[in-house]
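*Asks:* Sharing the record's features from TrEMBL:
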type	residues	note
DOMAIN	103-285	domain 'FAD-binding PCMH-type'
BINDING	Pro135, Tyr136, Gly137, Gly138, Gly139, Ser140, Ser141, Glu269, Gly270, Thr271, Leu272, Gly273, Ile274, Ile275	FAD binding site
SITE	Arg320	site 'Important for enzyme activity'
BINDING	Arg410	substrate binding site
ACT_SITE	Tyr475	active site, proton donor/acceptor
Amino acid sequence: MTIDRQSLRWNGWGKADQENPLPEGAAQWEFIRTALGMRALPSTPAKRFTDVVLPKSRLNADAISRLKEIVGNNQVRDDDYERAFHARGKSYHDLLYVRAGKLEVAPDAVVYPRSIDEVELVMKYCLKNNIALVPYGGGSSVVGGVNAQSGALDRAVITLDMTLMNRVLKIDKKSMTATLQAGIYGPELEKALNEHGVTLSHFPQSFEFSTLGGWIAARGAGQQSNRYGKAEKWLVSAVLVTPKGIWKTESTPASAAGPNLNQLVAGSEGTLGIICEATVKIHEVPEEKDYRGYLFKDFASGVKAVRAINHADIPVAMVRLSDAPETYFFQAASGGSGSGLKAKLQSLYLKAKGLTAPCLMLVGLEGDKESVAYARTRTAAIAERYGATAIGTGAGKKWYQGRFHSPHMRDPMMDHGLGIDTLETSTTWANMLTLHEKVTKAIDEAISANTPEPGERGIVMAHVSHSYPDGASLYFTFLIPRKLDDEVGQWLAIKRAASDAILAGGGTISHHHGVGTDHAPWLAEEKGPQGYRLLKTLKAECDPDGILNPGKLLT
């Protein structure tokens, strides 16, 4: 693989030459403007790269020369584009800075290792010279997980871009495991496995632009996690480079030899070591996939159905339930609501069924034909029990085909004075509706207190996903008119209100995005005094000089 960061957007999501999914004049713009109560959508383009001024690198020529001796001349970059590209992740918060050209946290150099040996040599160099080391895969973190922070005022920062370590090392079809280098991107990983008739089937929304190491480091979840599990479930073992040497975790299927150290690796966010290789559980490529939709009269009925599906141990790949605002918004924003005869007939039909504010449940089934047929019958019966109207495979196919598209919509929205962000949590079934109500209210009130103009408002919506017998994830999205004179302050007020409501309401600060810098202020409260001290002690043991990904996870 060659280094080709120029083909990707340094200040947004996706490829540099991708087509705008929301072009000027699209009907969605008027819908969004009206929904937010805005008189007009302002033009707020990102700053051009040629107008961005980066801080001078703190690494001198001798340091750059030594790094090139370790990994090769072409694998060390300190040009402005590489430094800007690796400065931050892809959260809304990050993009407020990046689009404004405020890149005070840019790395002093970017190093692309190709082997564990090279990672270890770079680690030793950084230790010797007190240089912070930030691991970077796809850079898709939405919680400040890859920001090039030094942790000390005068300390240089090197970002370690792992994407040249992208090989499949071994596929064991007897044990159904695969060993891969951590820098492999999602599409490359699946293509290589599929050629052998197997799959990892970890498909987060960031799949196109995220890597195996990042999935593990963030304790991530794919959209079909009901069947294939979160990262901590499919991780078999890992190889990390730490400041104290190579760390290889156990690789047996099960063990009673003390705590499973793989559970420390998953969610470590690059603070304990650099994940270089991982062995993961794989599956046969499913014979059949069936995605279909159901409409419920209200969110509570849908929650009961999702819970019942989980309690019945039905082998589903995915169950996703949108609340009424999300169901309506994405239908309307995708051009699905209109004034034509078909739209009017659909509206009349839904009203006749008592569905004035319906909630959409999508069910994804994957496996052999027999298991899919069984699961389809069982889930349909449960949905009917709770009053659902089956709407067939159309909605499921539409979601499946566009399941990676949502992040591409954010950049054109930000070009028009809009802000859109997401946050997620998980809680028990007993607490699900209460937490949904409390967090929605907290976000809505914070938005109302921070709108740019009187009469303007935000949209708050959510869905249940990644469900378990004892509970599920709640995933919130909010769309706002940006307060252009205090964009970061506006976001902070909303983020704090939501995070406070989540912890006070019995949720976790993150189900699958991770902690990074954005959630670090709430981690101590969630873990408790003893648990937090244990994490800090572990960090001090693995990284006593604090060079690994400073400021992330722990404050």
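Note: Cβ is positioned from N, Cα and C throughout, glycine not excepted.
Heads up, TrEMBL stuff is auto-annotated, nobody curated it.
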*Asks:* Which residues of the same chain, at least 6 positions away in sequence, have a Cβ lying under 8 Å from the Cβ of Gly137 (FAD binding site)?
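*Replies:* Gly137 (FAD binding site) has long-range Cβ partners Asp161, Met162, Thr163, Ala182, Gly183, Ser210, Thr211, Leu212, Gly213, Gly214, Ala217.
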*Asks:* Going by Cα-Cα distance, which of the recorded positions (Leu272, Arg320, Tyr475) sits nearest to Arg410 (substrate binding site)?
*Replies:* Tyr475
*Asks:* Quick one: Cα separation, Pro135 (FAD binding site) versus the residue listed as 'active site, proton donor/acceptor', in Å?
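*Replies:* Distance (Cα to Cα, whole Å): 27 Å.
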*Asks:* Please state whether DSSP places Ile274 (FAD binding site) in a helix, a strand or coil.
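*Replies:* DSSP assigns Ile274 (FAD binding site) to strand.
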*Asks:* Please work out the mean pLDDT for the residues of the domain 'FAD-binding PCMH-type' (103-285).
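*Replies:* The predicted confidence over the domain 'FAD-binding PCMH-type' (103-285), as a mean pLDDT, is 97.
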*Asks:* Report the member of Gly139, Ser141, Leu272, Arg320, Tyr475 (the recorded positions) whose C-beta atom has the most other C-beta atoms within 10 angstroms.
*Replies:* Ser141
*Asks:* Does Ile274 (FAD binding site) have same-chain partners at least 6 apart in sequence with Cβ under 8 Å from its own Cβ, and which are they?
*Replies:* Val119, Met123, Leu133, Pro135, Leu160, Met162, Leu240, Val241, Thr242, Leu548
*Asks:* Looking only at DSSP and grouping its letters into three states, which state does Ser141 (FAD binding site) belong to?
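*Replies:* DSSP call for Ser141 (FAD binding site): coil, neither helix nor strand.
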*Asks:* What is the Cβ neighbour count of the residue listed as 'substrate binding site' at a 10 Å cut-off, with all protein chains included?
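*Replies:* The residue listed as 'substrate binding site': 23 neighbouring Cβ atoms within 10 Å.
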*Asks:* Measuring Cα to Cα, tell me the gap between Ser141 (FAD binding site) and Arg320 (site 'Important for enzyme activity') in whole angstrom.
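*Replies:* With distance taken Cα to Cα, Arg320 (site 'Important for enzyme activity') is 22 Å from Ser141 (FAD binding site).
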*Asks:* Look up Arg410 (substrate binding site) in the DSSP assignment and report helix, strand or coil.
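*Replies:* Assignment for Arg410 (substrate binding site) reads helix.
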*Asks:* Reported as an integer number of Å, what is the Cα distance between Gly270 (FAD binding site) and Arg320 (site 'Important for enzyme activity')?
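*Replies:* Between the Cα atoms of Gly270 (FAD binding site) and Arg320 (site 'Important for enzyme activity'), the distance comes to 30 Å.
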*Asks:* Whole number in angstrom, please: the longest C-alpha to C-alpha distance across Pro135, Tyr136, Gly137, Gly138, Gly139, Ser140, Ser141, Glu269, Gly270, Thr271, Leu272, Gly273, Ile274, Ile275 for FAD.
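*Replies:* The two farthest binding residues have Cα atoms 20 Å apart.
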*Asks:* DSSP secondary structure for Pro135 (FAD binding site), reduced to helix/strand/coil, please.
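*Replies:* Pro135 (FAD binding site) sits in a strand per DSSP.
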